[in-house]
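Before any comments, here is the structure.
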Amino acid sequence: MSQSSSDGQRQPAIVILDFGSQYSELIARRVRETEVFSVVLGYSTSAEELRAMQPKGIVLSGGPSSVYAEHAPLCDPAIWELGIPVLGVCYGMQLMVQQLGGVVEAASGKAEYGKAPLEVDDPTDLLTNVTGGSTMWMSHGDSVKALPEGFVRLAHTANTPEAAVAHLQRRLYGVQFHPEVVHSTCGMALIRNFVYHICGCEPDWTTSAFIDEAVAVVREQVGEKRVLLALSGGVDSSTLAFLLKKAIGDQLTCMFIDQGFMRKGEPEFLMDFFDRKFNIHVEYINARQRFISKLKGITDPEEKRKIIGTEFIRVFEEESKRLGPFDYLAQGTLYPDVIESAGTNVDPKTGERVAVKIKSHHNVGGLPKDLQFKLVEPLRKLFKDEVRKVGRALGLPEEIVRRHPFPGPGLAIRILGEVTDEKLNCLRDADLIVREEIREAGLYHEIWQAFAVLLPVRSVGVMGDKRTYAWPIVLRCVSSEDGMTADWSRLPYDLMETISNRIVNEVKGVNRVVLDITSKPPGTIEWE
């Protein structure tokens, strides 16, 4: 059965301690795919804190450091005495080996990066159903030179003698590869072995269980008080609206603030969809001129986000006085939102876990300090794919469930530089063409996001024997599972040609279309 804390919140069955790996959150996703709840915590979480959570298992993530470096991040050594199964991944394995008396050194041969066939020495326990020769993803420059007392080898590769190790009696396991990445062909089999057979977890992290628990937590938190929801029409806020409607009924008021940065036709679609089709009343607020005037002369992307976030709350506060009183503001904040805004990195000079801000998230980074609402964020522990499952279970139609993600600040952060009405109209028309053609090609649901970006430069062109000097549009299409990482989508040439021709011929002020082929990382999906 699932465990709950005294405040009704579900306790994690698997805790991932993060040592700065880019894959830490991916480990959490993979564990959740086995229907077992997992969370990511800082590597400095103490053994006593972990004992209080009563997890069934602990995973030590990879990381960019070397365990023998002066300021290497270290876990509480008392963790090894908790009696809880531990799986160390890459850096996590090396840390386990070193702290328990083994030796880790820089690889004497070649460092191992990329795919490598795994040769299984002991096909039982952790490596049950992991076939010999399976491809595993390697990313390490250090290796284990001597195992601690009581440890045995489970598998090796051509360049890594100790690719998987274990102390079977103490249920301590380590793998030098990354089972969580898609390139590791039997990675999920290994994760299931650890979660189910070694830790004894039960598959109780299901969509229906989450809904029941979230409804109970919201009811407990809110009581008889009223909640105001910022509805955008995307899958996150729409799922949140359906969930809150189920939990608190008419205590929920949905408000759609038209800030003027939506895609073409979306405000009208949103009002018709919720108000008429699903009988969820939505208060429509036309604040277009208010927002555009606040952004006059603003070019810095962080400043734009902060201004939009602050203005959103100001409008909410004003409208809540008219419609309220309201005590709570509901937000569709997701787990990746929190992760991306907070950062999960390790300072190489101090070994401390620090926040490295990429860009502030519109939900968690733009709130004013004098916020008059308490926050309700029942989706903040979910990944995007989990939100879609919840939406479907609540009866949200596929046209909403499978909509491409759209940022809270809208087109304002897809226009680089100053935002003007002219640029907004231009980008709306171009963006509509992109979405129309991708739908027509039957590729809309194969792509994570597809949109247009307007650049703050002009280029020379020739149209009708006349010189033009107009804006370029960037075509940005990416494939992803959860938005944490992404690759650029390989669209057919004919489709890209059609999109380019239509934009140049139909959108006034544009004479060039370029393609963004940057993955995340090193880039981000959005340009601002």
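From the backbone N, Cα and C atoms, a Cβ is placed for every residue, glycine too.
What you see is a predicted model, and the numbers here were worked out from it, not measured in a lab.
For C90, the entry in Swiss-Prot reads active site, nucleophile, with the evidence type sequence analysis. Positions annotated as active site by Swiss-Prot: H178, E180. Sequence annotations record features per position, and here Swiss-Prot assigns ATP binding site to S232, G233, G234, V235, D236, S237, S238. The domain 'Glutamine amidotransferase type-1' annotation in Swiss-Prot covers 13-204. The feature domain 'GMPS ATP-PPase' is assigned by Swiss-Prot to 205-403, with sequence analysis given as support.
Under DSSP, H178 (active site) is assigned to a strand (E or B) in the three-state scheme. The C-beta environment of V235 (ATP binding site), restricted to residues of the same chain at least 6 apart in sequence and closer than 8 Å, consists of K384, V387, R388, G391, L396, I400, V401, R402, R403, P405.
Here the domain 'Glutamine amidotransferase type-1' (13-204) returns a mean pLDDT of 91 for the predicted model. Apart from S232, G233, G234, V235, D236, S237, S238, the ATP site neighbourhood in this chain, defined by C-beta within 8 angstroms of the site C-beta centre, holds L231, T239, L240, G332, I400, R403, F406. For G234 (ATP binding site), the same-chain residues 6+ apart in sequence whose C-beta sits under 8 angstroms from its C-beta are G332, I400, R403, P405, F406. V235 (ATP binding site) carries a helical DSSP state (H, G or I). Between the alpha carbons (Cα) of E180 (active site) and the residue listed as 'active site, nucleophile' lies a span of roughly 11 Å. Around S238 (ATP binding site), the C-beta neighbours below 8 angstroms that are at least 6 residues distant in the chain are L231, F274, G391, L396, I400.
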